[in-house]
């Protein structure tokens, strides 16, 4: 309980800090949204009116206080570009991003960890070298490059997978239950929608996951190699416990402690990475929304996005701390 | 009588880079049911590698058993598949290690580890295995065993952890227990308790014990027979009493002389000068010769391990000078 209170307190500070910094930066960028809305040839009166509407005529600290005041009432302001409340916009785009990030996360986790274990178990063999090569590629090749290459191969050449959107335009999306098409279509029993939405997830999911998968492989491999050297692994072998069980149970639970740190960071990086991936794959999520907002100098939308991501990040970190206590009996919150 | 374990010409090599070394070089050992054989030597003599080789736990790479035969209960362990070997490890041959602080998995409870040790070999319900685990914890002298099952290793003292290790090794009542320096990392008072415990469990289950140690005090207290190792080879082997009464290898004499004792009137201990050479730099001929006060020209040739005295004495020595070595007054007087 005490921990929870202190974490919430921490959250308040993070939100204050993040919003403050984002606010300053986005208002220091040269450019004037009022000018963009009014157009080049608007009269000074119209321009002044629009500035007043947007609150841009007030001093910057007053604008920030106004933003915080709205925030306390659960109001993130109105998007300059869409003319909709930012909260509604984000609510609309959030499930798509969540679906993509979750898919990429599961991919990075459930492919990355076994690959790391496997590489460590077969250390210094060809298999290990191949897995390490994969990991190095994931870390060093930029996202937009292999995103485009994947599209070129699997959509352009092979025509196996779609290259954009969440679902085939000829199929109507499932009714919103969770907002995640793959899950909603399953709940509905809509097989066609499930297949289509899953197929649409594959390329952007791999693209988004690759770099984090690589980091998880590297970390898991390093941690496993360290753990496999420990005396208690020799003890387990001396008791006749089969190798597979030693790797995936006895060693992995120890190796997951340092890996958890990387996994926590990976989720944050996936949220941030969604911005680029969604743009490449025209994925209708928050990332694409915010890229468009930036083009418009849509301050409220940018602020709203930043806020959501940073709050999500803090909550994830809290989860990571909690997972440590499950893995390591010597850690108490 | 057929020995329980019979090791012949065991040779284990370690490779690092282009350098290969025979850490264990042609070792022969026999252990009979219920007896305690002590394997003695300084660090680097190859005694731990020998014991790990028996269970085929040498990390490969860099280690490899390159020759020999390990017969146990009628089978050659070196010809078994990994799967068949896993049915022997922990079930028929179990092992206790030197470092109780690191030998238990830190993220699983004592109960989980004990239960696993049982259930990997026997189809037993979890609750049943837990009861057995508690029984064994009690047997190794751990109070409140039910509560201890839920404890993690870091909540236990070193002595308690070694007791848990012993329980884990003995829980399937193996025919052979290999104990590699089981008391070295413990306080002296705890050492005595652990040795007592091992003796008692041995009597109860008729388990044979291969006790690896550098501590001749422990040997004197526990062993029926002793094999002394130096530089990867057995240099002397004899029933314990005989070895202490009439050691015939200069190295054995050195070990005994460097042992502190209560009835000592020597001004100080006499260490053996020099150290065990590393395995890649074993000298040709007698490996102990460079450190040996008695060495002669004959020692340039490698001596064989050969019987000394009557064959039924079970005394074997690897020394050209075994017969001519003077009777040791200190050794002869000490063991009364």
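Every residue, even glycine, has its Cβ placed from backbone N, Cα and C.
Residues or ranges marked as transmembrane segment in TrEMBL: A:7-29, A:100-121, A:133-155, A:198-217, A:255-281, A:301-327. According to TrEMBL, the feature domain 'ABC transmembrane type-1' maps to A:94-320.
Long-range neighbours of the transmembrane segment (A:7-29) within the same chain, counting only residues 6 or more positions beyond its ends whose Cβ lies under 8 Å from a Cβ of the stretch, are 60, 63-64, 67-68, 71, 297, 299, 302-303, 306-307, 310-311, 314-315, 318. Only residues 6 or more beyond the boundaries of the transmembrane segment (A:301-327), in the same chain, are considered here, and those with a CB under 8 A from a CB of the stretch are 7, 10-11, 14-15, 18-19, 22-23, 26, 67, 71, 76-77, 79-82, 86-87, 89-90, 94, 253, 256-257, 260-261, 263-264, 267-268, 271-272, 286, 289-290, 293-294, 333. Cβ atoms under 8 Å from those of the transmembrane segment (A:198-217) belong to residues 99-101, 103-105, 107-109, 111-113, 115-116, 119, 131, 134-139, 141, 143, 146-147, 150-151, 154-155, 161-168, 182, 259, 262-263, 265-266, 269-270, 273-274, 277-278, 280-281, 283 of the same chain, restricted to positions at least 6 beyond its ends. Panel annotation: around the transmembrane segment (A:255-281), residues 96-97, 100-101, 104-105, 108-109, 113, 116-117, 120, 143-144, 147-148, 151, 163-165, 203-204, 207-209, 211-212, 215-216, 219-220, 222-224, 226-227, 287-288, 290-291, 309, 312-313, 316-317, 319-320, 323-324, 327-328 of the same chain, lying at least six beyond its termini, place a Cβ under 8 Å from a Cβ of the stretch.
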